[in-house]
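Report on one structure; see the data block that follows.
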Amino acid sequence: MGGGGRMSTVITSNNSEKKGGSSHLKRAPHTKPPFTLGDLKRAIPPHCFERSFVRSFSYVAYDVCLSFLFYSIATNFFPYISSPLSYVAWLVYWLFQGCILTGLWVIGHECGHHAFSEYQLADDIVGLIVHSALLVPYFSWKYSHRRHHSNIGSLERDEVFVPKSKSKISWYSKYLNNPPGRVLTLAATLLLGWPLYLAFNVSGRPYDRFACHYDPYGPIFSERERLQIYIADLGIFATTFVLYQATMAKGLAWVMRIYGVPLLIVNCFLVMITYLQHTHPAIPRYGSSEWDWLRGAMVTVDRDYGVLNKVFHNIADTHVAHHLFATVPHYHAMEATKAIKPIMGEYYRYDGTPFYKALWREAKECLFVEPDEGAPTQGVFWYRNKY
């Protein structure tokens with residue numbers, strides 16, 4: 001699908017790569033690379049680091065206009081469509097609206113990275129409005145996500161989608177290691193994973209006490225961040241109040257059809273995109289004895305979502321460059337990716353497997369991590385699926 005003809009650097013049929021139950025995937029290099037972050041930055045054209053408020057905001061306006069167009073069509077024309085065509089119409093609306101709102105979510109994510117404009121205050125205002133409208137506590141997630149970028153690939157300090165060792169996985173996991181179990185696990189993860197992460201830190205790094213993105217005094221945040229966590233909570237309260245008023249005026253069924261189901265699709269895409277960016281049989285994780293920031297930042301995979309690459313503002317197919325240079329705006333990210341690929345060589349990871357096939361494969365093969373038996377270092381961990 002899509003991908004502009006890019007070749008995958010991870011797929012191979014070389015039988016010498018039979019490790020960890022992934023004979024069809026070539027492992028990424030895990031030793032220190034022969035290049036530096038400075039080498040990569042010098043390869044990127046300087047204009048790729050320029051952030052234009054006008055250009056960035058044009059994408060916000062475009063997404064909002066499309067979202068309003070879909071809303072107008074649904075509310076003005078769908079009541080006159082008889083069943084069963086009305087069911088088809090609503091399914092199309094939910095899918096289209098969910099995809100557009102996912103793209104809008106991505107722009108809010110860029111605001112949190114200061115990749116929207118040269119003005120931090122403008123970035124935070126736009127990000128707060130956009131993410132609050134999608135029931136995301138903007139500042140709370142901005143700070144936890146920043147720590148994810150600072151510690152990516154570390155088994156001890158990464159913030160989210162931290163794989164467990166075989167000895168620490170849940171006792172019931174092996175009973176879900178079958179097709180029905182994987183369907184159940186994927187459904188629960190896609191539908192509930194994002195709100196459970198925000199509210200209960202599910203799939204997040206362990207803390208010594210209860211961690212929650214809505215708690216200004218929780219262990220995720222520092223004292224200087226608390227005021228902004230309150231502001232993020234106020235944003236969620238404001239959106240919840242608007243939804244309450246809409247429910248009183250139009251009914252819960254109307255709110256769910258117009259807003260609730262598209263938001264659920266946003267949450268599903270968000271979990272799937274994030275999961276596939278950081279989960280792959282061919283990429284390592286590092287213990288404290290091996291981890292360093294540059295190698296950790298390369299523990300990510302660019303994926304192909306076809307036409308949705310543009311709808312999602314290239315968040316999925318330029319994610320390697322994003323973890324190396326998070327302030328590059330999305331409209332320069334593809335150019336930056338093309339610039340660093342020749343230098344990175346096999347350290348750059350791209351997998352063109354259709355995302356629905358990749359999701360099933362990763363759910364099957366990436367269950368826990370362990371170091372290779374007899375390896376010279378025990379600080380490099382690889383995904384396994386054999387209990």
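Just so it is clear, glycine is given a Cβ too, placed from its N, Cα and C backbone atoms.
According to Swiss-Prot:
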- 1-34: region 'Disordered' (REGION)
- 145-149: motif 'Histidine box-2' (MOTIF)
- 319-323: motif 'Histidine box-3' (MOTIF)
- 61-81: transmembrane segment (TRANSMEM)
- 88-108: transmembrane segment (TRANSMEM)
- 121-141: transmembrane segment (TRANSMEM)
- 183-203: transmembrane segment (TRANSMEM)
- 229-249: transmembrane segment (TRANSMEM)
- 253-273: transmembrane segment (TRANSMEM)
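Under DSSP, residues within the motif 'Histidine box-3' (319-323) fall into helix, strand and coil as 5 helix, 0 strand, 0 coil. Per-stretch counts of Cβ pairs under 8 Å to the transmembrane segment (183-203) identify 253-273 as the leading one among 61-81, 88-108, 121-141, 229-249, 253-273. Long-range contacts of the transmembrane segment (121-141) within its own chain (CB-CB distance under 8 A, at least 6 residues past either end) are made by residues 53, 57, 60, 101, 104-105, 107-112, 114-115, 198, 213-214, 220-221, 225, 228-229, 231-233, 235-236, 238-240, 263, 266. Remote same-chain residues near the transmembrane segment (253-273) are listed as 71, 74-75, 90, 93-95, 97-99, 101-102, 105, 134-135, 189-191, 193-195, 243, 246-247, 303, 305, 312, 315-316, 355, 359 (criterion: CB distance under 8 Å, separation of at least six residues from the stretch ends). As a summary of secondary structure, the motif 'Histidine box-2' (145-149) carries 5 helix, 0 strand, 0 coil according to DSSP. Per-residue pLDDT, averaged along the motif 'Histidine box-3' (319-323), amounts to 98 for this model.
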